[in-house]
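J.: First the structure, which I've put down as structure tokens, then a few questions once you've had a look.
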Amino acid sequence: MINIIDGKKIAKKIRENIKEKALLLRQKSIIPTICVIIVGDNKASRSYVNSKHKACMQNEINSIIREFEENIKGEILLEEIDKLNNDKNIHGILVQLPLPKHINAMKVLEKISPEKDVDGFNPINVGKLNLGIATLIPCTPLGIIKLIESTKEDIEGKNALVIGRSNIVGKPVASLLLNKNATVTIAHSKTTNLKELVAEADIIVSCVGKAHFLTTDYVYKNNATIIDVGNNYKDGKLVGDVDFLNVKEKVKYISPVPGGVGPMTITMLMHNTLLACEDQINL
Ligand code: GUN
């Protein structure tokens, strides 16, 4: 039996819970607030930032957008982040990536106070995640785990295959799966035996970034769960890494694109902002 993992429905439920908690905080005059920084005029970044802003505002999370010119000096950006770090009314800080080439993105991420790092990209939070210490976790990986957990299948002891090794998705999702006692393999562009790995996998997280990369040319376990993180365009249409219509017949659970991981990412950003807020006011 195929089960489509409905990210939209799962995200909606979590958002209702977030809104309720945010309203309770507001009744105590605490307004959970995120500040999103955008540098330059990257169209895709602007669209992501606007979506984040809209979702936050709809769910009682206050969102402030700070825009800076493309040619802003790195040191000025660091000073601005420092001001936000010291502002008690700001609980979460997110710097939209990519940054212009003249700015050292790692220095910027390091500057964000780990307690306010709602993206979970500060190396201190990355280290904590790898050590299995509770911390703010990157939004897309956290959303992926929630989708896998929604199947109610065990993660412990399962073969989990992560295809893609980015700092934003592949590596953190692999850490999260490992922390949940899966046997984790990370495959990437230099992997030579992907077909064998796919055939052995109980859980597959695909973050390759190639439209319909996973086809029925691969053999899947019939009780496998596939989470498709792809965000690709094919013939003007948003599609995932997985040839959904054909592969869905071969596995037990699969998340679609759109309507799978996408709605979870912004939801987890709000979740992290609320967590950061509660932590900072010592709830
Ligand atoms: N650019 C693309 N994805 C992301 C993300 O998850 N966080 C930030 N800050 N920038 C991004």
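Even glycines carry a Cβ here, placed using N, Cα and C.
Automated prediction, rather than curation, is the source of TrEMBL annotations.
Here's the feature list from TrEMBL:
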- 5-119: domain 'Tetrahydrofolate dehydrogenase/cyclohydrolase catalytic' (DOMAIN)
- 138-279: domain 'Tetrahydrofolate dehydrogenase/cyclohydrolase NAD(P)-binding' (DOMAIN)
- Gly164, Arg165, Ser166: NADP(+) binding site (BINDING)
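What's the neighbourhood like for these features in this structure?
T.: DSSP places the residues of the domain 'Tetrahydrofolate dehydrogenase/cyclohydrolase NAD(P)-binding' (138-279) in helix, strand and coil in these numbers: 51 helix, 28 strand, 63 coil.
Long-range Cβ neighbours of Gly164 (NADP(+) binding site) (same chain, at least 6 residues apart, Cβ-Cβ under 8 Å): Gly170, Ile186, Ala187, His188, Val205, Ser206, Cys207, Val208, Gly209, Val229.
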J.: Going by DSSP assignments with H, G and I as helix and E and B as strand, what are the residue counts for the domain 'Tetrahydrofolate dehydrogenase/cyclohydrolase catalytic' (5-119)?
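T.: The composition, in the requested order, is 59 helix, 19 strand, 37 coil.
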J.: Tell me the Cβ contacts of Ser166 (NADP(+) binding site) under 8 Å, same chain only and six or more apart in sequence, or just say none.
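T.: Once residues fewer than 6 apart are set aside, Ser166 (NADP(+) binding site) is near Cys207.
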J.: Tell me the Cβ contacts of Arg165 (NADP(+) binding site) under 8 Å, same chain only and six or more apart in sequence, or just say none.
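T.: Those within reach of Arg165 (NADP(+) binding site), by Cβ under 8 Å and sequence separation of 6 or more, are Lys171, Ala174, Ile186, His188.
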J.: Starting from the NADP(+) site formed by Gly164, Arg165, Ser166, give every other residue of that chain whose CB sits within 8 Å of the mean position of their CB atoms, in sequence order.
T.: Val162, Ile163, Asn167, Val169, Gly170, Lys171, Ile186, His188, Cys207
